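Trainee: Mind having a look at this structure? Questions to follow.
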Amino acid sequence: MCETASRTLPPGITPISGDEARRLIHHTSGPELEALLDRAEAVRRAVHGDEVALCGITNAKSGRCPEDCGFCSQSARFEGADAPVYPMIGAGEIVEQAHKAERAGAREFSIVASGTRLAREQELATVEEALRRLRAETAVEPCASLGLMREPELRRLKDAGLMHYHHNLETARSHFENVCTTHTFDEQLETIRAAKGLGLKLCSGGILGMGETPEQRVEFAEEVRDLGVDCVPVNFLNPRAGTPMAHLKAITPEECLAAVAVFRLMMPAAHIFVMGGREVNLGDRQDLIFRAGANGTMVGNYLTSAGRAPDLTVGMVERQGLTLRPPDTGKAWAFDGHAPSDADWNRKAAEPRPRPLPVVR
């Protein structure tokens with residue numbers, strides 16, 4: 001899904017400075033916001049054209065995470081959280097979900113697992129098998145989001161067919177300890193740099209609306225920019241019951257759009273994806289994410305919450321006069337221009353999931 005963030009920019013397109021970003025991040029109303037969105041859209045069109053990439057995911061292992069990330073319902077530390085709890089699903093189910101996402105228009109498909117890192121050799125072997133099958137049986141570009149990882153593990157996954165590695169910074173360094181205390185900001189950087197050293201495409205962003213200031217949103221964008229990542233997923237907090245951040249008030253749609261636009265102007269070459277929380281925080285203004293400079297979004301469900309039906313997401317893209325970007329794997333794409341409706345997408349919801357593990361508090 002993601003090309004190099006160091007691509008040559010068209011004449012006249014240069015990243016804005018941090019100082020300018022700190023000024024523009026406050027342009028959240030009236031003519032100032034309109035001008036900011038117009039500027040971001042012009043940069044998006046000049047650098048990325050009118051194609052939008054969709055990403056699908058599978059929650060391959062859920063719950064019982066030992067970390068204390070304050071936004072996450074999968075933490076075992078939060079008694080009131082209600083995320084599903086189950087062990088790593090099989091490679092066959094991962095591939096089945098990838099086929100489903102591909103038919104819905106996904107260009108990239110990510111295998112996501114809860115926890116600090118993969119805890120067992122068998123889990124790593126399952127992901128390896130799934131990656132080999134994804135490359136053989138689908139056209140999607142395989143991605144994984146498996147927590148903190150070392151170079152030898154990442155190399156095994158790359159050899160199995162991994163194209164992209166996703167690991168969010170989550171927030172600015174100055175705000176990180178307010179979000180998580182069980183691992184450090186620098187540990188996250190180590191994982192990202194290990195993936196980059198292997199030549200994997202990098203996907204790293206975070207969540208806005210976790211109590212950070214507008215200036216810290218810019219600080220966060222500067223840190224992501226300096227890593228030279230290919231894709232920047234921008235999420236907005238969707239407060240989950242039982243988590244320490246359940247009480248936080250959603251940031252306004254205007255704040256969301258201004259942040260996306262500033263990120264686009266700071267990182268013209270990066271692929272910027274508006275992901276989780278867009279339905280809750282933007283509501284009927286979701287269509288404006290592309291005017292704000294985004295050139296990608298999620299299709300289907302999130303990790304522990306429902307997303308829009310795929311046909312609504314594809315329709316949102318098409319209403320803006322944009323088209324879906326196919327994978328770069330050189331294989332025939334299963335998307336035929338008709339994304340499934342909500343009824344089709346959730347047809348298998350009643351089928352049994354893997355046997356849940358008991359919740360250990």
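In case you wondered, yes, glycine gets a Cβ from its N, Cα and C as well.
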Trainee: Among the residue ranges 145-175, 300-330, 331-361, I'd like the one that Swiss-Prot describes as region 'Disordered'.
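Mentor: Going through 145-175, 300-330, 331-361 one by one, Swiss-Prot gives region 'Disordered' for 331-361.
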Trainee: Can you pick which of Cys72, Cys143 Swiss-Prot lists for the same [2Fe-2S] cluster site as Ser110, Cys203?
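Mentor: Candidate in the recorded [2Fe-2S] cluster site: Cys143.
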Trainee: How many Å lie between the Cα of Cys203 ([2Fe-2S] cluster binding site) and the Cα of Cys69 ([4Fe-4S] cluster binding site)?
Mentor: 19
Trainee: Could you state the whole-number distance in Å separating the C-alpha atoms of Ser110 ([2Fe-2S] cluster binding site) and Cys69 ([4Fe-4S] cluster binding site)?
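Mentor: About 21 Å separate the Cα atoms of these two residues.
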